[in-house]
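To keep things clear, I will list the structure first and then write my remarks on it.
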């Protein structure tokens, strides 16, 4: 049954990916400005520009170019960056893990802070603890991630300098041998706890800055869903049968409220990818979101298409994961889909 | 005589902190071990809040002002708090109107039943809890207890869920069972079956039952004694036979006249309010509250 859901979601995702690829392919090319001219600079001669255009098939009709792109893509080739002159896949492989590491840790912080804050707020609804929880959540929601980045840098990197504010590692710390590209994992695999701590130390501020917005959203949603659940007869039943209050907060009211929250949690998680770029900019984090903005500004065609496709794929995978999780934890969906 | 399992004395309840509205004006009632007592009244008369106060549930929401005394199984419960909370599920249990929505939709019956059993015995192993749950479900004539334990409430019928609730309520052998309009959400035959089941089980275990109902037909079948509640006041208190043969309070008479009869005659007009209804409480012979007996 899980497989059936997975299959249908994958099918839909493939169609979305094809649509996105056509769209971004066309948009990147119809934007004004000659990518070859931008790449070569103002001093290049007209012949040099023409040669580069011919080399990259920029003068072919769009459908033909797309066809060439798809053909190349079918053996894993995303084309070549006009700037770095490296294959786009190499660039992405270099920058993507940094972003994923940031986003995954950020997502964990978002869920691990947002869910309990919402649940505790709901349990103490109307009282002082609730007011504090709501204030924290509201601050999280209404302040953009890059502002959090600057605030955290000022407070914890400058006035009270306990965290580094730039990069993924200290200059003196050797980069762990690449296995996953996640420094946290690679350093552990290499057996270097010092590097792990350094990577974690660098990761905390950007991850928290990125997480706070989604954290607020998750906390608010958890709170309101749980307050609704607290009005249900089954919570009164749990109280009437002497279930301990803590068990009710953490289980008998939380789980029914978590089911609708999970969908939004997943969307917020995916949205971190998009929000990551300003945080990456603020913290000098060598990630893919920053790379994506850079290549768009330079009109680096293949790199734009490659980056957008990878980010779209990450979004879709995230959505599939959330769909599967919702199916798994909601007994109604799980059991009804078993029937057919 | 021993102390009643439930003794409510001069209970007053006011909702709200600023816009105060008083809903109970001195309710007194008692239920002795093994007795089946009904609290009857129309909706809004205060019967359900009385039950929830006795369980200590309403006090936890804050925003209520309670005066008077409630003694449950020897514990003072009017102020709510830890003591009455610890009795819930063990010494006092409750059965709800709509069993299907009173069971958690996100968990199987098994998990909820274990939790219920563990409120009395925290260290109970899963296996032991399941064995007891199955036995309890068998007692309420659920044909395949293991399957019921593995089900979610929305997979079972209303009647089944009602049986599950009764089994859960009685699993820890409480001394008092409060049934708040049990099965009103179910169809009449199922309602009758479950009431009968509840009565038999309560009788074999000596559990006292407080039945909250608006249905005099059900009350007549079920209860030994009846309190009639109207607008937050007990207006009449009698043994069931006395009440039905000799209703003395005008409100009780109006309620009795409102029972639809199959033999025809239709529903008589029951005035929503009548100055007569405010007459003082009528207590039938031999039905005094325990504290009124002493000089």
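Any Cβ shown, glycine's included, is placed from N, Cα and C.
TrEMBL annotations:
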- A:12-31: transmembrane segment (TRANSMEM)
- A:96-326: domain 'ABC transmembrane type-1' (DOMAIN)
- A:102-124: transmembrane segment (TRANSMEM)
- A:136-160: transmembrane segment (TRANSMEM)
- A:203-222: transmembrane segment (TRANSMEM)
- A:252-278: transmembrane segment (TRANSMEM)
- A:303-329: transmembrane segment (TRANSMEM)
Would you mind listing the long-range same-chain contacts of the transmembrane segment (A:252-278), meaning Cβ under 8 Å and 6+ residues beyond its ends? 99, 102-103, 106-107, 110-111, 114-115, 118-119, 122, 144-146, 149, 210-211, 213-214, 217-218, 221-222, 225-226, 228-230, 232, 234-235, 238, 243, 287, 289-290, 292-293, 311, 314-315, 318-319, 321-322, 325-326, 329-330
Sequence-remote partners of the transmembrane segment (A:136-160) [C-beta within less than 8 Å, at least six residues beyond its ends]: 114, 117-118, 121, 205-206, 208-210, 212-217, 219-220, 223, 275, 278-279, 281-283
In the same chain, which residue numbers or ranges, 6 or more beyond the ends of the transmembrane segment (A:102-124), come under 8 angstroms Cβ to Cβ? 130, 133-134, 136-137, 182, 184, 203, 206-208, 210-211, 214-227, 230, 245, 249-250, 253-254, 257-258, 261, 265, 268-269, 272-273, 276, 279-280, 285, 287
